[in-house]
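Database features, via Swiss-Prot:
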type     : residues           : note
TRANSMEM : 31-67              : transmembrane segment
TOPO_DOM : 68-74              : topological domain 'Periplasmic'
TRANSMEM : 75-98              : transmembrane segment
MOTIF    : 104-108            : motif 'Selectivity filter part_1'
BINDING  : 105, 354, 355, 443 : chloride binding site
INTRAMEM : 107-114            : intramembrane segment
TRANSMEM : 122-139            : transmembrane segment
MOTIF    : 144-148            : motif 'Selectivity filter part_2'
TRANSMEM : 146-164            : transmembrane segment
INTRAMEM : 175-187            : intramembrane segment
INTRAMEM : 191-199            : intramembrane segment
SITE     : 201                : site 'Mediates proton transfer from the protein to the inner aqueous phase'
TRANSMEM : 213-230            : transmembrane segment
TOPO_DOM : 231-250            : topological domain 'Periplasmic'
TRANSMEM : 251-279            : transmembrane segment
TRANSMEM : 286-307            : transmembrane segment
TOPO_DOM : 308-327            : topological domain 'Periplasmic'
TRANSMEM : 328-347            : transmembrane segment
TRANSMEM : 353-374            : transmembrane segment
MOTIF    : 353-357            : motif 'Selectivity filter part_3'
TOPO_DOM : 375-384            : topological domain 'Periplasmic'
INTRAMEM : 385-399            : intramembrane segment
INTRAMEM : 403-414            : intramembrane segment
INTRAMEM : 415-419            : intramembrane segment
TRANSMEM : 420-436            : transmembrane segment
């Protein structure tokens, strides 16, 4: 027996038997599962990529209307208000009338489905999330398309399971997870982050087998290839490429992580508080719900005219920040302002996510921190943009409690691979401080709220298939 074989046997002997059985006994992945995972990834990539293009089309059309026809016979501010109010109305109406589970991010719904506690009515969720998201995001509200893309990807996975009449529960679970991974990979052009998001963030629900891991990888890669074929291979965020920072500055990155850890706990609390306040206000009454949502959308139409930095998901704002167009004071004001607008939009139950708004908040505070650090420590060679990138990963890690996903996500989105060390330090610092303060992951909190929601329990649980 060779030394290598002896080492492998000794290593296996030290591992728990249930782990060995779970992984190695299912080493022979059926070809059908691999094929279905590939199909799920392709469809999730198509849905995610065209959803992004549809949102951009709505936003550009809204701007064109304001510049031409409508703006010629209505005051500009009134036209902006009415258009955005109508777009938001579409999103809120579709959600409240046809698929209440499509409200908000949608990621907690997929996690609940992976745990067997929530149904996936893909025949409702896919059209409602797609067209409702077009309306809500196109109105200028502070919402991200990434959470909806994950939910639609998961819905695609369940759709494929139903169409091909997959009965095996492990396979259905794997395809659901594969769809979620494909959705995130297509949303951010980040296949590694899509894979790791399912494995790390959804770890309480994800069933770790070689089959499920392979399904997730295949789907994420396929979805990302589809994205790149349609949109090209450029990174989602165009920004400067930085070299590795000096070792003497790493302590500042740890401090930034600690600050984001504290803020992440507060931010998660404010999100759930905002949702509770909105529910108490409209009490699930459709007229109140639609009127409130339309008014919010209209107000963001006005903000688009006068303070556009406080509107939209925030991905397009990130390059503007890192190009150095704002001072620290303005950045902190925008940071506070976007906290309020994020809570207002996400808390209202609109069909949109919180990924992109969180990344924008991390960039705002991180760049402001970098500017202040550069002023206080002129002897250090500080690039504020490095702290902006680290801030993106840190806030994601503190709120979602998935530091590895946050690190990979930011690196893939910005192509700043040299910043891996400061990203690790900042993200881990944020997670540690958030845990010390007793904070809980945001999606776990949102899933808990969903399971307590009587309206969702009554309207969403039946039926389980489109024909029942």
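Heads up, the Cβ atoms here are built off N, Cα and C, so glycines get one too.
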Count, for each of the binding-site residues 355, 443, the other C-beta atoms lying within 10 angstroms of its own C-beta, and report the residue with the smallest count.
443
For the chloride site given as 105, 354, 355, 443, which other residues of the same chain have their Cβ within 8 Å of the site's Cβ centre?
104, 107, 144, 146, 147, 353, 358, 400, 442, 446
Within the same chain, where does the transmembrane segment (122-139) have neighbours whose Cβ lies under 8 angstroms from its own Cβ atoms, ignoring anything closer than 6 residues to its ends? I mean 6 or more beyond.
47, 51, 54-55, 58-59, 62, 83-85, 87-92, 94-95, 98-99, 101-102, 106, 109, 145, 148, 151-152, 155-156, 158-159, 162, 297, 300-301, 313, 350-352, 466
Hey, which bits of the same chain come close to the transmembrane segment (420-436), Cβ under 8 Å, at least six residues off its ends?
244-245, 249-250, 253-258, 260-262, 264-265, 386, 389-391, 393-399, 401, 403, 406-407, 410-411
Name the range, of those listed as 31-67, 213-230, 251-279, 286-307, that has the largest tally of Cβ pairs under 8 Å with the transmembrane segment (75-98).
286-307
What is the biggest Cα to Cα gap, in Å, among 105, 354, 355, 443, the residues listed as binding chloride?
11
How many of the residues that make up the motif 'Selectivity filter part_2' (144-148) does DSSP mark as helix, as strand and as coil?
3 helix, 1 strand, 1 coil
State the mean pLDDT for the topological domain 'Periplasmic' (375-384).
88
Let me check the 10 A CB neighbour count of residue 354 (chloride binding site). How many other CB atoms are there?
28
Beyond the flanks of the transmembrane segment (251-279) by at least 6 residues, Cβ under 8 Å:
245, 292, 339, 343-344, 346-349, 354, 361-362, 365-366, 369, 373, 377, 380, 382, 387, 390-391, 394-395, 397-399, 422, 425-434, 436-442, 445-446, 449
Residue 355 (chloride binding site) - helix vs strand vs coil (DSSP):
helix
Are there residues at least 6 beyond the ends of the topological domain 'Periplasmic' (308-327) whose Cβ is under 8 Å from a Cβ of it, and what are they?
137, 140-145, 236-240, 300, 334, 337-338, 341, 352, 356-357, 359-361, 363-364, 367, 371, 384-385, 388-389, 392
What three-state secondary structure does DSSP assign to residue 443 (chloride binding site)?
helix
With a Cβ cut-off under 8 Å, give me the same-chain residues at least six positions beyond the ends of the transmembrane segment (213-230) that come close to it.
29, 33-34, 36-38, 40-42, 44-46, 48-50, 53, 153, 157, 174-175, 177-179, 181-186, 189-192, 194-195, 198-199
